[in-house]
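Engineer: After the structure tokens below, expect a handful of questions from me.
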């Protein structure tokens, strides 16, 4: 059992090393898009299922409250939080529409959708992306494995942050780190600090 625990740490470290080579450019591009979105008076909507829903909430909480520096709140909404809305849509229509209907109501041109799925094949996240595109929003996707069906929906205006791993737990661990990198870049760009302070 101890070896298995050590192996999990080793695998996580190796996945992060691999990601540190593969992902910085796409994370930087996504952060720049998010900064421009926020400077333009727009907002960021985020969605995912299970652990990815938790990641969406984590991201929006960091923007609405703060990440590491004191600053004004920034507009972000996690679409996985309103249980009454989610269950109404799932009951009356289908689970695949729980995010897309919210995007059709809340999304505006210039907004960004942060779409999170370790496999890239979550039906309701794919529908969310389709709704975002119909609302002239841009998309930042956080995926893993081969990017799944989500990869095929992205245009040159969108950004894919695809973790180089096939293991769900390792992908989720890097997703959290990528989210922290996004938040750090957003904060440091919008609210530059004296690095020596």
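Heads up, the Cβ atoms here are built off N, Cα and C, so glycines get one too.
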Engineer: According to Swiss-Prot, 49, 50, 51, 62, 91, 92, 117, 118, 119, 122 bind substrate; which of 172, 193 is also listed for that site?
Structural biologist: 172
Engineer: Need one number for the substrate-binding residues 49, 50, 51, 62, 91, 92, 117, 118, 119, 122, 172: the maximum pairwise CA distance in Å, whole number please.
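Structural biologist: Maximum Cα-Cα distance: 32 Å.
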Engineer: Which residues in the same chain, at least 6 apart in sequence, have a Cβ under 8 Å from the Cβ of residue 172 (substrate binding site)?
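Structural biologist: Expected: 51, 52, 55, 118.
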Engineer: Inside 10 Å of the Cβ of residue 117 (substrate binding site), count up the other Cβ atoms and send me the figure.
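Structural biologist: Looking across every protein chain shown, the total is 29.
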Engineer: Given the binding-site residues 58, 62, 180, find the one whose Cα is closest in space to the Cα of residue 117 (substrate binding site).
Structural biologist: 58
Engineer: Three states by DSSP: which one describes residue 91 (substrate binding site)?
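Structural biologist: For residue 91 (substrate binding site) - judged by DSSP and reduced to three states - the answer is helix.
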